[in-house]
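Undergrad: From TrEMBL, for reference:
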ACT_SITE  2  active site, nucleophile
ACT_SITE  607  active site, for Fru-6P isomerization activity
DOMAIN    2-217  domain 'Glutamine amidotransferase type-2'
DOMAIN    283-428  domain 'SIS'
DOMAIN    461-602  domain 'SIS'
Ligand code: M6R
C-alpha cells in the first residue's frame with residue numbers, strides 16, 4: 001500500500017525522507033516521489049519503480065530542503081507512471097495521500113469547470129487543487145485544509161506543504177493510518193512509525209478526523225477546528241528490528257525468528273503451566289458472559305481464525321464462526337447478544353477488518369445488543385487495538401516480508417492462550433488438559449527449531465517445483481487451514497498457481513486435476529485422521545501425482561517412488577498446525593528464490609491493505 005513520510009526540521013530532510021521511503025518499501029508500491037520546499041520553491045522529483053531510482057535522481061540534482069513530503073504509491077486510480085506518482089502539486093501546494101477519495105470524479109468535474117488543469121489520472125490531485133482553491137479565501141494553510149476535508153468522501157491520510165508556509169506541515173488522518181514522530185527541534189509524519197525509527201522513538205498517534213499542524217518546535221492537533229491533546233508515546237522497538245541482518249530476505253529472517261517470537265508471546269501469559277493472574281484479567285466478566293465467538297479477518301489471519309474454530313469448539317465447547325472480513329462487512333450479518341467478536345490482524349489496520357469491526361459495533365449499539373470485541377494483533381498502537389474492548393498482542397516484532405510468517409504462528413499461539421483463558425473463566429478446561437497444552441506451548445519453540453533443521457532437505461525438494469505451473473496442498477482437520485495457508489504462501493511469492501483443499505474433498509473435484517505434472521503437498525501430523533489421509537495419498541499416487549509429504553516422524557510414511565518425505569519432529573496434536581506452518585513457509589520461500597521473484601515485495605501485493 002502507499003506510504004507517506006514527511007518532516008520539518010532545521011537540518012535538510014532529504015536523506016530522512018529517502019530512508020523513510022526505503023523503510024516503507026516492504027508495504028508494496030510501484031512508484032515514489034518527494035517534494036521539498038527550498039527558497040519558496042517546490043522542488044519535486046518522481047520516479048516509477050524502486051525508491052533507489054528516486055534516490056539517485058534526488059542526489060544527482062542535489063535537492064535539499066528543511067521541509068518536505070515523500071510518498072510510495074501503490075496504483076489504484078491510474079497506472080504506475082511518473083505523472084501519477086505523488087506528490088501532486090497545484091500552484092504553491094504539494095500533497096501526498098494514502099487511501100481513496102471516493103467522490104473524486106465529482107470534485108474533479110467541479111474543479112475543471114473552475115479552470116484547474118489535471119496532469120494525472122489520480123484521485124489525489126483533487127486534494128491539491130481544492131486546497132489551492134481554498135487558499136483564495138484564507139491565508140492560513142491549516143484553515144484551508146480544514147475547509148477541504150469535509151468535502152472529501154473515503155479514507156485518507158494526507159501530508160500537505162505550501163511555499164508561503166515554509167515552516168509548517170499539515171497532516172490529516174481520516175480512515176488511513178498516520179503517526180507524528182516527535183523529534184528535538186524537528187517533527188515528522190509517516191503512515192508507519194517504522195519509517196521514522198532512525199529519527200525518533202516518540203510518537204503521537206492521530207485519531208480518525210484529526211488534523212495537525214507541525215512546525216519544527218510544535219505540534220497542534222485539531223478536531224472540528226478545536227484544539228485537542230494527544231499524548232506522546234515512547235516506542236521500545238529498535239531500529240535493528242527492521243534490518244535483514246545475516247539473512248538474504250526478511251521473509252527468511254522472520255521464519256527463523258519464530259521460536260523466539262512464540263516464546264515471547266506465550267511468556268506474557270504463562271507462569272509455568274498456569275495462566276498469569278493478570279493475563280486478560282479485565283476481560284473476565286465479558287468472557288464469562290459470552291456464548292459464542294465470531295472471528296473476522298483477511299488472508300493469513302483468516303487462516304489462523306479457521307484453526308481457532310477447531311480449538312474453540314473441540315477444547316472448550318464454545319461455538320465459533322470465522323468469516324472473511326470483506327464478506328462479513330457487507331452482508332448485514334445478524335449481530336448476536338453475548339458474542340465475542342475477534343479481529344485477527346498482523347497490522348491492525350486492514351481496511352476490511354477494521355470496517356467490519358466498526359460496522360458490528362455500530363449495529364450492536366444501535367440495537368442495544370450486548371457484545372464484546374477483541375483484537376489479536378502485532379501492532380500495539382494500531383487502530384484495531386485502540387478500538388476494541390480487549391486485545392492480545394502477538395509479540396512477533398515487526399514483520400516486514402509481505403508474506404506473513406511469524407505473525408501467523410504467533411497468532412496461533414495467542415489464540416490458544418485466549419482459548420485457555422476463556423476455558424478457565426467458564427470452567428470448561430480440565431486441569432490435565434491445561435497442563436498438556438501449556439507444556440506443549442513451552443515446548444513449541446524447540447520443536448520449531450528442530451523443524452528448521454530440515455531447511456536443506458526442503459530446499460532440495462523446492463527445486464522440483466520450479467518448472468511447475470500448478471500445485472495442490474492437502475490437509476485434514478486443523479491442517480486444512482494450513483493447506484490453505486501453504487497454497488497462499490506459494491502463490492503470493494512464487495506466482496505458481498496453488499490451491500489448498502481439505503483432503504476429504506479431493507474426490508469431489510480436485511482429483512480431476514491430478515496428473516504426473518501436478519505436485520501435491522500433504523500435511524500429515526500423527527493424529528486420528530492419519531489413516532484417512534494415507535488413503536487420500538493413495539488416490540493421488542494412483543493418478544500419477546507426485547507427493548511431497550511433511551509427515552510426523554512416527555507416522556510410518558516413508559520415501560518411495562514419486563513420494564518425497566520430510567519427517568517433522570513429534571509434536572502435541574493441538575499445536576501441530578503451528579509447527580507444520582514452518583515447512584510450507586520454507587518450501588514457498590525456496591521455490592520463490594529459485595524462480596527469482598521479489599520475495600519480500602511480491603508483485604501487486606502490499607503488506608498492509610489499508611484501502612478496500
Ligand atoms: O495485517 P493483516 O493480518 O490484517 O493482513 C491480512 C492479509 O492481508 C495478510 O495476512 C495477507 O494475506 C498476507 N500477505 C499473507 O501472507
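For all residues, glycine too, the Cβ spot is worked out from N, Cα and C.
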Undergrad: Check the domain 'Glutamine amidotransferase type-2' (2-217) for me and report the mean pLDDT.
TA: 94
Undergrad: Which numbers of helix, strand and coil residues does DSSP report for the domain 'SIS' (461-602)?
TA: 64 helix, 32 strand, 46 coil
Undergrad: Judged by the number of other CB atoms within 10 angstroms, which among 2, 607 is the least packed of the active-site residues?
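TA: Checked 2, 607; of these active-site residues, fewest Cβ neighbours within 10 Å: 607.
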Undergrad: To the nearest whole angstrom, what is the C-alpha distance linking residue 607 (active site, for Fru-6P isomerization activity) and residue 2 (active site, nucleophile)?
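TA: On Cα coordinates alone, these residues lie 10 Å apart.
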Undergrad: Looking only at the domain 'SIS' (283-428), how are its residues distributed among DSSP helix, strand and coil?
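TA: Secondary-structure breakdown of the domain 'SIS' (283-428): 70 helix, 28 strand, 48 coil.
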